[in-house]
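J.: Dropping a structure here in structure tokens format, bear with me for questions.
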Amino acid sequence: MAASSKKFHKKKPKEEKQKFNKASKKQFKTKKDSNDAVKSEAVALQLEDDVPDFPRGGRSSLSKQERDEIRAKVDAEFEAEELALKKNKWKKLQKRSQVMPDDLGSLFGDGITGKLPRYANKITLKNISPGMKLWGVVAEVNEKDLVISLPGGLRGLVRAADALDSVLSNEVESNEGNFLKNIFYTGQLVSCIVLQLDDDKRETGKRKIWLSLRLSLLHKGFTLDAVQEGMVLSGYIKSIEDHGYILHFGLSTFVGFLAKDGQAENRDIEVRTGQFVQGVIRRIDKTRKVVYLSSDPDTVSKSVTKDLKGISLDLLVPGMLVNASVRSILENGIMLSFLTYFTGTVDMFHLQNIFPNKKWKDDYNQNKKVNARILFIDPSTRAVGLTLNPHLVHNKAPSSHVNIGDIYDQSKVVRVDRGFGLLLDIPSKPVSTPAYVNASDVAEEEVRKLEKKYKEGSQVRVRILGFRHLEGLATGIIKASAFEGPVFTHSDVKPGMVIRAKVIALDSFGAIVQFPGGVKALCPVRHMSEFEIAKPGKKFKIGAELVFRVLGCKSKRITVTYKKTLVKSKLGIISSYADAAEGLITHGWITKIEKHGCFIRFYNGVQGFAPRSELGLGPGYDPSTMYHVGQVVKCRVTSSTPASRRINLSFQMKPVRISEDDMVKLGSVVSGVVERLTPSAVVIHVNSKAHLTGTISNEHLADHHERAALLKSVLKPGYKFDQLLVLDIEGNNILLSAKYSLINSAEQLPSDISQIRPNTVVHGYVCNLIETGCFVRFLGRLTGFTPRSKATDDHKANLSGAFYVGQSVRSNVLDVNGETTRITLSLKQSCCSSTDAAFIQEYFLLEEKIAMLQSSGSDGSELKWVDGFNIGSAIEGQIGEAKDIGVVVSFDKYNDVLGFITHYQLGGLTLEAGSIVQAAVLDVSKAERLVDLSLKPEFVKKFQEESYKGQTHKKKRKREASKDLELHQTVNAVVEIVKEHYLVLAIPEYNYAIGYASVADYNTQKFPQKQFVNGQRVIATVMALPSPATSGRLLLLLNSISEVTETSSSKRAKKKSGYNVGSLVSAEITEVMPLELRLKFGIGFRGRVHITEANDDNVLENPFGNFKVGQTITARIVGKANQKGRLWDLSIKPKMLAGTGEIGIKSTLEEFNFSTGQLVTGYVYKVDSEWAWLTISSHVKAQLFILDSASEPNELQQFQERFKVGKSVSGHVLNVNKDKKLLRLVRRPLGALSIRNIDGQDKRRGQSDNNISDESVTAHVHEGDILGGRISKLLPDVGGLLVQIGPNTYGRVHFTELKDTWESDPLSGFYKGQFVKCKVLEVSHTVKGTIHIDLSLRLSLDGMLPKNSSEFCSDVDSTSKRAEKIEDLYPNMAVQGYVKNVTPKGCFILLSRKLDAKILLSNLSDGYIDDPKKEFPIGKLVAGWVLAVEPLSRRVEVTLKKSNTNGTSKSEINDFSSLHVGDIVCGKIRRVESYGLFIALDHTNMVGLCHVSELSDDHLENIQAKYGAGEKVTAKILKLDEERHRISLGMKKSYFADDIDNQIHSKEESDEEIEGSGVMDDGRSIILTDNPHGMDIEFEAGASSVLAQAESRASIPPLEVTLDDIEHSDMDILVSQNQTNSNEAVTIDEKNKRLAKKKAKEERERVIRAAEERQLEKDVPRTADEFEKIVRSSPNSSFVWIKYMAFMLNSADIEKARAIAERSLRTINIREENEKLNIWVAYFNLENQYGNPAEEAVQKIFQRALQYCDPKKVWLRRVQMLLMQQQDGVQSVVNRALLCLPRHKHIKFISQTAILEFKSGVPDRGRSMFEGILREYPKRTDLWSIYLDQEIRLGDEDVIRSLFERAISLSLPPKKMKFLFKKYLDFEKSLGDEERIESVKQKAMNYVESTLT
């Protein structure tokens, strides 16, 4: 820091002498004794309104010689004055050097010998050197550097890279963008080391001090042995841990650990990685090389470095606190000795008293003890500086209470230093601040004796110049000039301020001026005058005082202007974008002029834009001709957007207002009349209500460059344009375009970036060309950029030679960036070629327009000659002059029209001049009045024949020709005439029709065109048929139009880059068809994407729906082009595109590999009433028969609607025809297939022409299949139905299989052709080789229920069922059947498909029957009883008599008596009613009712939605009413819980244990739920009841096993719900026990006796052999093994029980971990009861279990077993488990153990466990949630609320806090206390408000 006046007393280098005179070296002040000439000059240069900048007049009155003499004289005076000044300065320096020998000398240190020094060490710019260690304070924190305030008022800079060690810098920078502001703060004390010194380029004599804060440099000499306890160390925070911070000291030998002690909370500073911290060493762990520190601020500030033996200078660090003693008193300070071996000095600015007076030496007696901190260390001289400043000694930087520029009137003089300056006491608030005034800042002139002029205690007026942050010392100035003028510092300068300044220097870039306060500014050359001046020095003379206006002041760089318009302006200024209010009128200056407008600059760098429409220019005028750069203009703000830094301006002070209805819209098509022509544009009067004027630039008259110039030459005022596109609107002026391409695509042209989609082709025009690319504009100002590499296919092409400004182009959108609003385009012809004939169509339309304008008659009467030359007609002409290229023909009727026949069109004839010929018209040029003719026979004969025939026939032929040719048809054509811009083509295949095709395209107009020759064959596409819009021409598009011009380089590239199968290409869509996409790619290549190549699985409906013509896509070639259509097969499947090259590409042309049963997917391309044809790939087709498409009749009826063209369909391959590449599909999966031929009745059906083969395929038909069928024939009598199930496959439906119920006429409702759903009952083969298929239409069969039927009820009792086997019948069984045949002895009836019964005549009725055939016609339904059954002969006899029955069969009575209350029974739901379910019990004829109240423990809203007829259910008999034959059933889960608990748990288990099992894994209910081996649930339920009873009678109690009841319990946070459910289950269970208590014993004995008497296949095992069978069938079931063990224990064979346990552990699969764990737990219980000794046996089993199972689960089972047995030692087991388990499993183990304590043990122990882990991990919300759930389970509301209050007081992320508040709110809602609910909501709102603030 230095005073401003001090700069002018410093010695300047020689270079500055040439630029600055003496005036620039002195403080600016007008002196009274100055030269009168200078005074008069200053007066003359004052700003006056009547004095112009440059007065008009002639040359100077002085001659050149006189001017040279004056300059020489002035230079001599300057040199003499400078010489005298140098002498005076040298004398002063000599005097000062005699007084202060050590002040500016080198530093001294311990190595000094002899007498003591006179002066204390001081750091200056001269003696500071690299390697010096300094103490400083952070003054500024910038983005890229730090500014450090150093001792002596010096300032140093720290680069961002030098602020941290490299170990941390990369990590911190990657996490934080501006990491310096996150780590450092202003006022922070830091230790630093000098890296280097650089000369300041801006100010001579100053040096930049570059510092480093890297601890690796400061702690270079530190080792672990050197540090001692009590020492203060600084370090970076390397990482933040749960309990503290890992510190890095810049050394690799040791690290530090700082425990969390609230430091960050006390300072309100968030702790971050990389932050500097200080700590006191508390403990040193030399083994781990860790230093433990404490960061208490008071301890750190008071910790004194101990006096160590052998301490070196390298271990001294700036900021270290030491005990020192006064050794001697110096002239400007004191010398201290410290740490035994070292001495240091303290200068006067670092004494204990911050206001030392002249008697300060009295305060420091020799050997006085003081505390001091090291200020700096110079290793080279061993000099050490110390400080006694009380703030610094307490480790705090002094605070600043003054601001630069402040003035204090009553400052007190404390001390006067002779020859140096004054120490003042400034009365700042809240405390006084010391300030020092250098002698040079005391007065304007040098004061020789300060002590006489200023006395101690006197008061002076002082202004603050600067502040030394480290010493807390202000620097001031008391010169009188310092209090004058409005500007003293840079902060006083404001934009727009008018101020007088002195010119002190001139340069090529402008003038340097100085304000009265000493602040300098720059006046740029452009602002030295209103207009540009060649020699500014004539106006601006050094020393002149002028009036300027401040333009801007940023980063202490001030710019001013001398433009009088700006200086004198009274208008408001714009100094920020926020100042630009709409309607504001202000002055600005032009900085840039473009065609579309001007850029205007304002104050402080603010810039705006005035569009061309707001410049006040007429149409066609160039802005550069009316305005120039630097001109001051008055403008009006029309709009501004401060956020995007945009200001729109207008030079028109009053805006022109036009209603919105009258304005034309951007992109609309209008009409207009030519008003006038200018050299560069056509002015149009737009037909609108607003009477607007528009302009069409020359380039926008047409798409063709040459045609646009020709049209401009013939245009005249008054000509009307019918269609013009509004390109842009600039106020009242409209930019228009007549380009045919833009007008046609007006609706598709985008005006905003949001309207542009990638991979689309958009029309536009080139608006600018630069070296790196091309700009393409659309509507308005929407512009895209084409990089040079994307502009042409030939990368070597020159853009200026390939395009021109204004050219019409087709652009392919590559990328759209919405954030940067950048659009990247491609103009490559290979991807932007035309897809229509619009380019050549406009060419011919323009030709007509130009011909019309050229004709003199406005009505176009001179163009009537064209009617006689219709294209294709024959014309008679006379041969004229012969030319080199052909023959000229003249016409008698048309003298001014010439015909021409090229040599190629002569047809080999030799013609003489004057001969008359009949020629065919090939082309007509209306503008040139030229007709191209042909004498080739193929043209002339055709037209002669047509002319010979009548006119009617001619019209017919024309219609036929036009009918043959279709749009988008590809044809082969022959080149007949080659024109400059197009070709005349003939199509031989279509009667030599004449067509026209362009040789160029929009993007290739300036390219060298491909050369064509007569007779050359080309391929073209028909794009437009002859019509008035095409001038009666057939327009074609060459397929080679997408080819680039073949230069030598492109030819070589074409040869090298051939396309192969597997290549990736970028292609443009030319046509979207239902089943394929047509594309073009490369150089003239065309291809297609078949619909099956659009996606991977062919499951996407309408895969081409998102594609449009012109869109560019990426595809992979999968097949080469065929010869006929020349189309390549491409694929856009994602999997195919993800592949590389030819790998994985399979050509469908060569491979046809499909297997029977394979699932394939295709798309429908044709459908009729019987078949649907699918395309599987481009070369593979498939057929789907109607009956193979579905099984539901309604779906078969809608066959054609379901399979529309383009629909995706999947099916299984039934048959493969490789020759025809045809597949036969069915929709349902196929089983094992075997193809057999069918003869007999199936063959007699007519075979469809669409069948794959003559064989009838029935191999896919299996028993049990559900098929769709169609009734083919209703067979007579009881023959049933003949149903078609395939193209040539039929099945028969038996008479008894038509309907479920026995109906009198089951055939009613069926008709031929009806679709039915049928089930295959049997497929049989006859001896002859035929196949018979038996079908059924009964809906009660499995799978026959309609899909959408939810109300279907299988209301079928036992008499409705069909007896399929003879064994199903027994005497006295009620049966029904249909009469099959009647004989005189009786009749036969159909009982089922396979069983008939005989009824004797005597058993037909109780009475006499006269005519059995009449009484029992065939097909009649009868009901009777079985009399006899003969299984061997399969004879059944039935009676229809009723006299031997009493209405109830014996079997019913037997079945009813076998049922008992409490039995678990199974059955099927017969009917669903609103009040309950009717259930038909299995193996009986009984039906029971389960009331709705007995269905579930919870209330059911809609039982119809949950249950359906036909479902299998399990129920418990609640009540039997034998008199009324009623059975009451129950299906609540709680009814079955008791049975399950009896199987697994003993009766001594507590309620807590039962509750715990309620949230266990499903493994505990193995008998009822786990069914891995297909075992019937009915058996499981029955067996469980018997097993439970068997266990109750056992002498040895069963093993207590709980199957995996921990893993999925409370860790899923489901305790509350499970607790409620389990409590309800226990309550209901107890209620049921009380109801059945009286008959418990009787029922138990009855059930056991009945179970023992039943000889069922699935009975309970009673012997070891039976158990062996079960374990062999279920080897992985732990439940079976445990029952086997219990069986052995029941037999008192403990060793065999152990052997079974060992065997089960070896047998169960290793993957069944839970099953094995159940065995281990049972093994524990076995050894715990029968081991000898028990503890040792259990311990051995436990150790083995730890080796084979998850240790955590095993330990948890051990803890659970102890808790259930209520044994002690749980804590010791937990401690042992924590030692054995890995650390990452501790949290889960402790939490689960705590849950067990809450459930089965002591809740207080569980609480202590939760509290312990929450102390370690307070932010784990999952632990808080589990802890809260356990407390909620216990129900102590006070404890729960206190725990919630603790949780919500945590400082957690908002998402976690939301979870805790929601849980708290749910808890209070469950209690229903509204007041507490509102309290929780309010606490949540308070939290949200605190986080937002």
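The backbone N, Cα and C atoms fix where each Cβ goes, and this holds for glycine too.
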J.: Of 272-304, 1328-1360, 1625-1657, which span is tagged coiled coil by TrEMBL?
T.: 1625-1657
J.: Look up region 'Disordered' in TrEMBL and report which of 1-38, 1521-1558 it refers to.
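T.: In TrEMBL, residues 1-38 carry the label region 'Disordered'.
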J.: Go through 319-389, 496-563, 759-828, 1157-1228, 1264-1338 and flag the stretch with the largest number of C-beta pairs under 8 Å relative to the domain 'S1 motif' (667-739).
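T.: Comparing 319-389, 496-563, 759-828, 1157-1228, 1264-1338 against the domain 'S1 motif' (667-739), the winner is 759-828.
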J.: Determine how many residues of the domain 'S1 motif' (496-563) DSSP places in helix, in strand and in coil.
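T.: Taking the domain 'S1 motif' (496-563) as a whole: 6 helix, 35 strand, 27 coil.
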J.: Taking every residue in the domain 'S1 motif' (667-739), what is their average pLDDT?
T.: 86
J.: Summarise the domain 'S1 motif' (1264-1338) as counts of helix, strand and coil residues per DSSP.
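T.: Its residues fall into 3 helix, 34 strand, 38 coil.
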